[in-house]
Amino acid sequence: MCDMKKETLLNKNKAIERTVSNAYDELRSFRTWLKWMCVDQSDTFSVCLSWFVFVMLAVIVPCLSHFLLARDGYNDAAHSRPYDDVVQLSLSCVAALSFVCLSRFVKKYGLRRFLFLDKLCDESETVRKGYTEQLNSSLKILFIFVLPCFAVECAYKIWWYSAGGTRIPFLGNVVVSDTVACILELSSWLYRTVVFFLVCILFRLICYLQILRLQDFAQVFHVDSDVESVLREHLRIRRHLRIISHRYRSFILWALMFVTASQFASLLMTTRSTADLHIYKSGELALCSVSLLAGLMILLRSATRITHKAQSVTCLAAKWHVCATIDSFDSTEAETPITRAISDQVFPACSEGSSDADDVGDEEDELDNTKFVPAYAYSTISFQKRQALVTYFENNRAGVTIYGFMLDRSSIHTIFGIELSLVLWLLGKTIGIS
């Protein structure tokens, strides 16, 4: 009895040790990146450093940049930045939201547990391999989004300072002062943008894992599986989707509100009769809008994809049930032959290797397709069990939700319709479009 208790305790300790972070695991690139970005909060010193860098680059530097450099009273009209307040406020708000959420995620769950790496031992080799590859390429995707925008921002800031946009020698020398101010502004912009995109990329990474699991789960309908195992696996996937929704719902909702408010403020300022829409004055505002919308699209597209995949399982299960039912009736009729007249089919049967399958191309995936499912279930699974499983899928649709609101394609269309209506209303009030 004592040996069994010791063995159970050792197994629990091993399970806990899987979630403990170490410096030589598959997350070493992420940990290095978090440390370089000063958002790592693994110890007390890192927590103090991360909050100091956040306050400095997301609050103090933008405030000094706006009130000391961007105001019209400190530079000529040719180098004024009339939309700087919207740019600075928008980037600082989304950076604050991202930093607080990321700090909470890492502190409460740990990076391995937050990215579901401690659950990979229960997955298939295909899922583990695909998720590892996506994990290694996530930082590349981050750079693909951030670096082009940062290059444009660098070009604008270098032009603004070199063309004499400011003349405040706070370090005793104009050139040195402009160089330091330019570096601080670029560092602030890069920090705030990267923190926002980092949280979006992490959400995309987690959703990609669930997509891999759903694709692997779809294989149960192509082999001889029992209903209980299928139900248990689907319940486990729904549990993980509920966890993702619960963790990210506040961030997605607040990000949507901040980005929408930023777009409305930008639209309101640029549609004024006195607005000066010059590339050197409104270009930074356009760059800020593109960056925020790109991050928001990463969130919404990832949530929509995983919801679409999860709901495609219902169609696959219904098709599996129909194919199994058809085959069961065909086998029964084959055992008891009945003399009947052969009538022409209204719709001619087509083979699987016909040209129609080649015309589809990439428009169909492994879940949402129009191919027949080989019926392995009719001989071992009764009609009632299959019908009960399909009914369960139809009444328990999985996906990413925000406080009960499903993020699927219809919700994206609804969000687009609401924002377009508000934009048209605002245009009607400002420049008279009806």
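The first residue you see is number 1, and the count goes up from there.
Placement of Cβ uses the backbone N, Cα and C atoms for every residue, glycine included.
Look at TrEMBL and you will find 45-69, 89-106, 141-161, 189-209, 251-270, 282-300 tagged as transmembrane segment.
Sequence-distant neighbours of the transmembrane segment (45-69) (same chain, 6+ residues past either end, Cβ-Cβ under 8 Å): 35, 38-39, 75, 81, 84-85, 88, 91-92, 95-96, 99, 103, 165-166, 168, 181, 184-185, 187-188, 191-192, 195. Against the transmembrane segment (282-300), stretch 251-270 has more CB pairs under 8 A than any other of 89-106, 141-161, 189-209, 251-270. Residues 82-83, 86, 89-90, 93-94, 97-98, 101, 199, 203, 277, 282, 285, 288-289, 292-293, 295-296, 299-300, 303, 402-403, 407, 415, 419, 422-423, 426-427, 430 of the same chain lie 6+ residues outside the transmembrane segment (251-270) yet bring a C-beta within less than 8 angstroms of a C-beta in it.
Within the chain carrying the transmembrane segment (189-209), a Cβ under 8 angstroms from the stretch's Cβ atoms is held by residues 33, 37, 39, 53, 57-58, 91-92, 94-95, 97-99, 101-102, 105, 114-116, 127, 130-131, 134-135, 138-139, 141-142, 145-146, 149-150, 153, 244, 248, 251-252, 291-292, 294-296, 298-299, 302-303, 305-306, 400, all 6 or more beyond its ends.
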